[in-house]
C-alpha cells in the first residue's frame, strides 16, 4: 500500500528523437527545416491556386485542396517541435501538451485516411459516369463527405487518446520517438496494455483498413471500366488521372496500417520512427509534387495567377510577328 502511495506519476515526458551522431545534428536540422518549409510552400501554393482559379473549382480539386490543408496541419503538429528539440538540449513536453499533440495528430491523420477513400469515389464517378459527374458530385455532397471525415476523425481520435492516456504513467518518462504517438507512449505505461492493443486494432480496422478496402474495390471497378474504353489514348488518360491518387494512398496508408494494427509487443521503436517519418513528413512533402508535376490544370493556374502565362503568350506572339515581318521583307 505504501509503495502504491509513494508512486510518482509523470508530469512531463522526454522525447528522445532519432538515434544519431551528435555531429550530424546541424545537417539533420537543416534537412528537416528545408523539407518543412517546402511542405508549407507546396501545399500552401496548391491551396491558393485552387481558391483563386475558377477552373479548379471542381470536386477533384476541392478534395486536393482539403488534402493540402491536412498535410500542412499534420506536419505542423510534429515537425516544429522536433526542430526545436534538435536545436536545444531541452527535449521535454508536458503531459497536457503530449495529449494535445497526440489527439490533433490522430484527428488529421484519420481525416486524411477517409479523404483518400472519398477521392477514389470522385474518380469512380468521373470515369464511370462522366455525363452525370457534376450532378452526382454536387457541392452539397462534397461538403457532407468532408464533414463526415472531420466528425469520424474527431470521434475516433478521442477514443484512441482517452484509452491511451487513462493508463498510469509512473515509471520512465522517456518516449523513444520524435513526437507523442500512441504506440511509443503506451510503452511507458505501468499497467497492462492488452485492452489498448485490442482497441487500437479495432479502430485501426475502421480508420485504415475499411477506407483502404473501399479504395481497392472502387479501383477494381474503375480498371474494369477503363479496359472497356476502345481508344488507347482514352485508356491512358483515364489511367493517368488515377495514378497520382494510388501513389499517394500507398505512401500514406500502408505505413500507417503497419504502425497502428500490429500488437504493441511486436513494435520495433526504431522502425516505428522511420514509418512515422514516412507517412507524416515524406508523404506530405511528395503530395504537391505528385499532384502538380504532370498536372496541366495546376500548371496553367500557376501561370495565370502569377501573370507569367500572359507574359509568355505576349513574348510568343511578339516572336511570331517578328518572324512574319522578316519573312515578308525577304526578296
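Every residue gets a Cβ built from N, Cα and C, even glycine.
Each residue in the domain 'G-protein coupled receptors family 1 profile' (42-291) has a pLDDT score, and their mean in this model is 86. Annotated domain 'G-protein coupled receptors family 1 profile' per TrEMBL: 42-291, in sequence order.
Residues or ranges marked as transmembrane segment in TrEMBL: 27-52 (among others). Here the transmembrane segment (27-52) has Cβ contacts under 8 Å with residues 18, 20, 61-62, 64-65, 68-69, 71-72, 75, 79-80, 82-83, 86-87, 281, 284-285, 287-289, 291-292, 298, 301-302, 305 of the same chain, all six or more residues outside its ends.
Sequence-remote contacts of a segment are chain residues at least 6 beyond its ends whose Cβ falls under 8 Å from one of its Cβ atoms, and for the transmembrane segment (59-79) they are 32, 36, 39-40, 42-44, 46-47, 50-51, 101, 104-105, 108-109, 111-112, 115, 118-119, 122-123, 126, 133, 137, 142, 146, 178-179, 248, 280-281, 283-284, 287-288, 291, 297. The transmembrane segment annotation in TrEMBL covers 59-79 (among others).
Marked as transmembrane segment by TrEMBL: 99-119 (among others). Using a Cβ-Cβ cut-off under 8 Å and counting only residues 6 or more beyond its ends in the same chain, the transmembrane segment (99-119) has close neighbours at 60, 63-64, 66-67, 70-71, 73-74, 77-78, 81, 93, 145-146, 148-150, 152-154, 156-158, 160-161, 164-165, 179-182, 185, 207-208, 211-212, 214-215, 218, 245, 248-249, 252-253, 256, 279-280.
The annotation transmembrane segment is assigned in TrEMBL to 140-163 (among others).
Here the transmembrane segment (201-226) has long-range neighbours at 110, 113-114, 116-117, 120-121, 123-124, 127-128, 152, 156, 159-160, 235, 238-239, 242, 246, 249, 253, 256-257, 260-261, 263, meaning same-chain residues at least 6 beyond its ends whose C-beta is under 8 angstroms from one of its own. Residues annotated as transmembrane segment in TrEMBL: 201-226 (among others).
Annotation comment: TrEMBL describes 238-261 (among others) as transmembrane segment.
Listed by sequence, the residues of this chain that lie at least six past the ends of the transmembrane segment (276-293) yet keep a Cβ under 8 A from its Cβ atoms are 32, 35-36, 38-39, 42-43, 45-46, 64, 67-68, 71-72, 74-75, 78-79, 105, 109, 177-179, 181, 244, 247-248, 251-253, 255-256, 259, 299, 302. The transmembrane segment annotation in TrEMBL covers 276-293 (among others).
Among residues of the same chain six or more beyond the transmembrane segment (140-163), those with a C-beta under 8 A of the stretch's C-beta atoms are 59, 62-63, 66, 99, 102-103, 106-111, 114-115, 118, 121, 182, 195-196, 199-200, 203, 206-207.
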